[in-house]
């Protein structure tokens, strides 16, 4: 396969380069990644300003390009310009740090995969614990085996897989749902040399989801979580409830009385 790799940690990130080296043993690899860290950029794209792209000689086994854009930009340019739309799969990662629960809203890594799904190719976001001695080689071989054996045709269009690795040895993988995992934010006021006040944000993880099939629960038990996510944010159940209100007698009465 021709696989496009990106990330949000930057083009020299260990997780990205090790994954690229492992996958290059069986696949054609194109790396297009931000020249510097783009963590927590979400699904931002660059408009009304240039996106610079340059080939870098980080590794010689396959082409690697650094851009001034976001992960979503990298996927767009990689697929539509550098690869002339000849890409079979997009993989974003391996990210340094998990992307669980509501992390996916903020994650540049996840958004890189969702951009691939939006462009119509099988796409994966891959994240790992943020620790120095994490075994990226083992994780990369897991991903290599996974993409060879998983039937991506079973997924609905515009769906990506969000994959997270556990801290220790891998017991296997489990299909999971996105958890209710939020942050209790803290803001520390600081002063710059000119006397201006700025803020430094911290966040304490709040994991209050009791379901055993949620992503962080599975990861905490030593399994790889595989969560299907979509580019669409529609709440189907709420839409049905809203339609009931729209078609209800009370709504029609209120509308007529206000006309």
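Cβ coordinates come from backbone N, Cα and C, glycine included.
Together with 8, 9, 39, Swiss-Prot lists one candidate of 84, 95, 99 for binding divalent metal cation, that being 95. Between the binding-site residues 39, 95, the minimum number of other C-beta atoms within 10 Å of a residue's C-beta occurs at 39. Same-chain residues that are not part of 8, 9, 39, 95 yet have a Cβ within 8 Å of the Cβ center of the divalent metal cation site turn out to be 7, 10, 13, 37, 38, 71, 96, 97, 107, 108, 109. Its own atom aside, the Cβ of residue 8 (divalent metal cation binding site) has 31 Cβ atoms within 10 angstroms in the protein chains shown. Under 8 Å, Cβ to Cβ, and six or more positions away along its own chain, residue 9 (divalent metal cation binding site) finds 15, 16, 37, 38, 39, 95, 96, 109.
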